[in-house]
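Participant: Before anything else, here's the structure in question.
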Amino acid sequence: MAGILILKCLFFLVSVCLAANLAICTTSNIPNTKKTYIIQIDKWAKPDVFIDHVKWYSSLVKSVLASRPERETARDEEERILYSYHTAFHGVAAQLTEEEASKLQAQHGVLAVFPETKYQLHTTRSPLFLGLDREDSNKLWSDKLADHNVIVGVLDTGIWPESPSFNETGMTPIPAHWKGACETGRGFEKHHCSKKIVGARVFYRGYEAASGKINERGEYKSARDQDGHGTHTAGTVAGSVVRGANLLGYAYGTARGMAPGARIAAYKVCWVGGCFSSDILSAVDQAVADGVNVLSISLGGGVSSYNRDSLSIAAFGAMEKGVFVSCSAGNGGPDPISLTNVSPWITTVGASTMDRDFPATVKLGTGKVITGASLYKGRRNLSTEKQYSLIYLGNNSSSPMPSSLCLEGTLDGAEVAGKIVICDRGISPRVQKGQVVKDAGGVGMILTNTAANGEELVADSHLLPAVAVGETEGKLIKHYASGRNATATLKFLGTKLGIRPSPVVAAFSSRGPNFLTLEILKPDMVAPGVNILAAWTGALGPSSLPTDQRRTNFNILSGTSMSCPHVSGIAALLKARHPDWSPAAIKSALMTTAYVHDNTYNSLKDSSTATPSTPYDHGAGHINPRKAVDPGLVYDIGAQDYFEFLCTQQLSPSQLMVFGKFSNRTCHHSLANPGDLNYPAISAVFPEDAKVSTLTLHRTVTNVGSSISNYHVRVSSFKGAVVKVEPSRLNFTSKHQKLSYKVVFETKSRQKAPEFGSLIWKDGTHKVRSPIVITWLASI
């Protein structure tokens, strides 16, 4: 990790870029151009002359509209408002000019005006890997529990209802608390909803306002998923048990979601051109009103300040209603400060590997064999008894060329026909590079990682024989190919289990620290997100390329999009087992029971460096569902506590109102600093002033174990500080009893880089672990 000086410079640069992006978002070269704005309104400020909020919201928007010819006015006003929000968020999404938006901001009752933001998707073995298929685990997650009453809302690209993963056999009637609907449209009828898929809705007004009308011939304007991403995430959350699941023979076994008894409500917010914040916000608002217990959101759109992030504000409203919100951390790793969805009331999930791999080999003409990964299964196989000419159209410099990246139109058929082509990763999708090679007459591809990907291997379902290799081996192969008469052949070895070490943190998984608030450690945890087998759409082949005519019920994908629904599903199980637990209690159970060692009993490693990862990479650690069901102690946080945290964030009264006006909240100033939020992770940040040598943070734990429980503490040693916990013992005499302690940090020697460790409460049965990060800020 770079020194704090570099870290602070990065904070500054990101902040400048953020400010620039916000300026770009809110500026238009054409004064009368209409754009979508999200307007947050204080519901308590409604004048009595309006019989309901919808009419008042409409009146506010109409009051700022520029004059139009009379014949156009009524229609214009009607089309301007895209959505009204009433549950997790209050206000409207409307089409306005920049001048109209500015006028609206000044109206009584308007709390904030946000420009539309574009979000992107963060793209069998895991239940067993997580201990959910063992016999003893069935006792923990008994079907007699109320797991059939838990409903998970999945915000994504929709759902493919015919998938065997959504079979309703054996399910009880839909819970009485469900108030949702099954919206129909092309390819999606009422019968496609069931006891498993209890609801399906679509949200596209914001998308169409920005991108034009959806082409209904090329895209389902309904909850049907032709992209596959939403079906995959929904299947991971709560897919029913399916025996014999596989992808073209790979990963053969029994597939099941994390919470196979839970219900799914599909909210389609993503379309061919992306996912827009007004649609996402409407889906969150509607899902909470419908009665979901968990929200799974594998999306990200950069980082804005808490009061400027509409998804963060909506998630706060969902949390107030008792809904657990899980979001993907993003795929911006291994770069530091690459996280999205960093609000403390959101559970932010990074990605890790499992102990399963799909090995393939490259045998060079020299006889050297290099191991990579692939999911290729097709009719065109290369003979392992024959060597094929090998070609690389780059120059072996550190900067890839269009031809070395195998971009569309860059390969000369006369050069590559009949050869294995080496392609660098970057710019275009990995599988698309193979299609380019195939179209140019190549017989195979070796996909080489660059410095950005390191040694991490992600398997793909290629359309021609292809093997992915790490950066080091890729350099070796390219050096060999630069000589005369270079040859190679490719071999595919199927599925291999028991990979060691595992898990490791995925190189693509976004990293901390959380530059909005260093005192809130993010990501919160990691979960399986590499080579995950789950349900798939029937509208696309496994490569997602239009030219891929193969069809399969399951597909293997990688990304924090895949790790997020693992946590959402486990949260559903915990909610079923402990219906009285708050979202914060569920998050705490997941974090304090997470593990930080792999199956070789060494510290978790970072795939990008092959060195031990830190809490900036893995958060509290890797989820451990079997431990999370009985965590012993939890760090609970209520909505007012989160609001008190916001009161420490130098927000103005009007900025705080975007959170406080839902419940008329005000600052009680109960937190001395943001690090005092009762978070399961502990981050001590010493200011630039070297005179401040002591820092005290406070925590409160709730006993959810045996009534009589006695805990003692163990804390790591640090080079730069002495850490004391007072008291060092916690003696509980009843269940749900709360006891407080404080952690005192005394600087011995200010360090240039953060230090990492842990604090563990132990009672002989439970180990309640909190990661610790100590940071000393330095002057720039």
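Here the Cβ of each residue, glycine as well, is placed from N, Cα and C on the backbone.
Automatic prediction, not curation, is the source of TrEMBL annotations.
Grabbed the feature section from TrEMBL, which reads as follows:
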- 1-19: signal peptide (SIGNAL)
- 36-122: domain 'Inhibitor I9' (DOMAIN)
- 148-602: domain 'Peptidase S8/S53' (DOMAIN)
- Asp156: active site, charge relay system (ACT_SITE)
- His229: active site, charge relay system (ACT_SITE)
- 402-476: domain 'PA' (DOMAIN)
- Ser561: active site, charge relay system (ACT_SITE)
- 676-774: domain 'Subtilisin-like protease fibronectin type-III' (DOMAIN)
Participant: Ser561 (active site, charge relay system) has how many other Cβ neighbours within 10 Å of its own Cβ?
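Facilitator: Within a 10 Å radius of the Cβ of Ser561 (active site, charge relay system) lie 30 other Cβ atoms.
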Participant: Quiz question: given the active-site residues Asp156, His229, which has the greatest number of C-beta atoms lying within 10 angstroms of its own C-beta?
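Facilitator: Top count of Cβ atoms within 10 Å goes to Asp156.
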Participant: Take the domain 'PA' (402-476) and count its residues per DSSP category (helix H/G/I, strand E/B, coil), listing them in that order.
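Facilitator: Result for the domain 'PA' (402-476), in helix, strand, coil order: 20 helix, 16 strand, 39 coil.
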Participant: Quick one: pull the CA-CA distance for Ser561 (active site, charge relay system) versus His229 (active site, charge relay system), whole Å only.
Facilitator: 8
Participant: Can you tell me how the residues of the domain 'Inhibitor I9' (36-122) break down into helix, strand and coil by DSSP?
Facilitator: 32 helix, 27 strand, 28 coil
Participant: Per-residue pLDDT averaged over the domain 'Inhibitor I9' (36-122) comes to what?
Facilitator: 85
Participant: Write down the Cα-Cα distance for His229 (active site, charge relay system) and Asp156 (active site, charge relay system), rounded and given in Å.
Facilitator: 7
